[in-house]
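**Student:** This is the structure I have questions about; it appears just below.
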Amino acid sequence: MELSLCNSSSLRFPQNDFLSLHNCSRPGSFHTFSNKKLASKSISLWRPLIWRQPRLVKLRAQTTTESNASSDKHVDDDFIVEDVPHLTDFLPDLPSYTNPLKKSQAYAIVKKTFVNPEDMVAKEIIVQKDSPRGIHFRRAGPREKVFFTPEEVRACIVTCGGLCPGINTVIREIVCGLKNMYGVDDVLGIQGGYSGFYSKNTLNLTTKVVNDIHKRGGTFLQTSRGGHDTKKIVDNIQDRGINQVYIIGGDGTQKGAAAIYKEVEKRGIKVAVAGIPKTIDNDIAVIDKSFGFDTAVEEAQRAINAAHVEAESVQNGVGIVKLMGRYSGFIAMLATLGNRDVDCCLIPESPFYLEGPGGLYEYVEQQLKENRHVLIVLAEGAGQEYVAQSMQAFQEKDASGNRLLLDVGLWLTQHIKDHFTNVRKMTINMKYIDPTYMIRAIPSNASDNIYCTLLAQSAVHGAMAGFTGFTVGPVNSRHAYIPINRVTETTNTVNMTGRMWARLLASTNQPSFVNHQTVRERVDKETIDAINNMKINST
């Protein structure tokens, strides 16, 4: 057996060797080997491993197969745990307390109140025989020991970036979860995003104050983009005596949360930092989906149905609906699949072309001849290279560092109209609908309300248990604590070779555009490079 200890972002140990997580100086830390085979070799770790982001400790064991003496093949059945930081990593003498849920009437009926510290959530659940067990995350939920007393907790909640359905539900459930499960009365609302820490007043949030905010759209706390100044924010956290920070926002916001955690660790102060990932586009990596997404897909149906009615009620009607989707076309794809009246769906991941055999113009003309109308759903990020080339404008960014998108809906509407009027000499009736702000400003539906409750309560359980520098979300339908860097290192996009996109192509019967060699050649290379090199930093 070969045992090696090295720097990595994960902890590895072989498939059949489990680690005891009991009697550790911090809950859930990997302490000693309990497997008899390893115990016989007197291998143990007498000090808890130090878990810090982004560097974690990796323990990897390899065993040589003995079934075939002539073979030098090594079995490497790795079980990889990507864990999250804990307050005891930099405050080792922190005392722990019995979880108040032990005496809760609500949880008294639960057969197993507390999550087993050995419970992990697998990143991949589809595996092959004899394949490695892969990456796992720590399961979310209440722990038997907590590192805060209700009396000492002063929590704060901040919302950043754009709007999406469900933000108010998350705020409400964090406040109610802290109060009803842990008896915490002191919760502050930071107004106006990150800059609100040092430039605006705060609100005292009670269960009475937030009682019905889930029925409203937007964010009860107001929001903004940018404004992140780590030093000022942590100074304010210290000055106000805040020791739990709940941050609701997208990619850039979560990166800001990671920076706050790092500064907190550097200063050695007892502050738990928990992130709740938010993006209506569903482009957060690792987690199954982001909150508000189901509501957005459902609400998009109203716009699509309206465009369909308008288009089919006139001669040669062309209906175009532009939906959200800056870099990922999930809303457009799922809204199309859920509607069944859409003839073509265009998303950022799938380049398309207008002219020539198999192009969009040809397909639109074919649909008009066969059905006398055509309905197109368009994600806002689709075709940006064409729009940028024609308008020669793509440099501008918003306060979060996002490239400001040009209106591809108006661009495509005008180009289709000009083509059929001037080239094909056909009269068409164009109907264009952009429901973006109507969709993102509505309250969340029942499905998202339930989801937001689980996210908020998972974050509360994690912070009370002393975890920090983490974000929460469902991984294969099981809620987990995820290192923040894992959800910000990449963007979740539609898999163009996956079954879901194939289902859409089969449903709409639209051209796939993938076989056209000149899709990218038709666009100025410098334009594409300038667009692609602009860093995604959405809050």
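Note: Cβ is positioned from N, Cα and C throughout, glycine not excepted.
Keep in mind that TrEMBL annotations are predicted by a computer and have not been checked by a curator.
This is the feature table in TrEMBL:
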type	residues	note
DOMAIN	155-461	domain 'Phosphofructokinase'
BINDING	Gly162, Arg225, Gly226, Gly250, Asp251, Gly252, Thr253	ATP binding site
BINDING	Asp251	Mg(2+) binding site
SITE	Gly252	site 'Important for substrate specificity'
BINDING	Thr279, Ile280, Asp281, Met324, Gly325, Arg326, Glu380, Tyr437, Met438, Ile439, Arg440	substrate binding site
ACT_SITE	Asp281	active site, proton acceptor
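Have a look at these and tell me how they're positioned relative to everything else.
**Tutor:** Take the CB of Thr253 (ATP binding site) and look out to 10 A: across all protein chains shown you find 30 other CB atoms.
The 10 Å shell around the Cβ of Asp251 (ATP binding site) contains 26 further Cβ atoms across the protein chains shown.
Counting every protein chain shown, 24 other Cβ atoms lie within 10 Å of the Cβ of Gly252 (ATP binding site).
For Thr279 (substrate binding site), the number of other Cβ atoms no farther than 10 Å from its own Cβ, over all displayed protein chains, is 28.
All protein chains considered, the CB of Asp281 (substrate binding site) has 30 other CB atoms within 10 Å.
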**Student:** For the C-alpha pair, I'd like the distance in angstrom between Gly252 (ATP binding site) and Thr279 (substrate binding site), rounded off.
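**Tutor:** Cα-Cα distance, Gly252 (ATP binding site) to Thr279 (substrate binding site): 11 Å.
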**Student:** Quick one: which of these binding-site residues, Gly325, Glu380, Arg440, have their CA within 10 A of Gly162 (ATP binding site)?
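**Tutor:** Those near Gly162 (ATP binding site) - Cα within 10 Å - are Arg440, in sequence order.
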**Student:** Taking Gly162, Gly226, Gly250 as the binding-site residues to compare, which has the smallest set of other Cβ atoms within 10 Å?
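**Tutor:** Selected from the binding-site residues Gly162, Gly226, Gly250 on minimum Cβ neighbours within 10 Å: Gly226.
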**Student:** Can you tell which of the binding-site residues Thr279, Asp281, Glu380, Met438 lies nearest to Asp251 (ATP binding site) in space, using Cα positions?
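**Tutor:** Smallest Cα separation from Asp251 (ATP binding site) among Thr279, Asp281, Glu380, Met438: Thr279.
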**Student:** Can you grab the distance from Arg225 (ATP binding site) over to Arg440 (substrate binding site)? Cα atoms, rounded to a whole Å.
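**Tutor:** With the alpha carbons as reference points, the distance is 16 Å.
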**Student:** Cα of Gly250 (ATP binding site) to Cα of Arg440 (substrate binding site): how many Å, rounded?
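**Tutor:** It is 14 Å, counting Cα to Cα.
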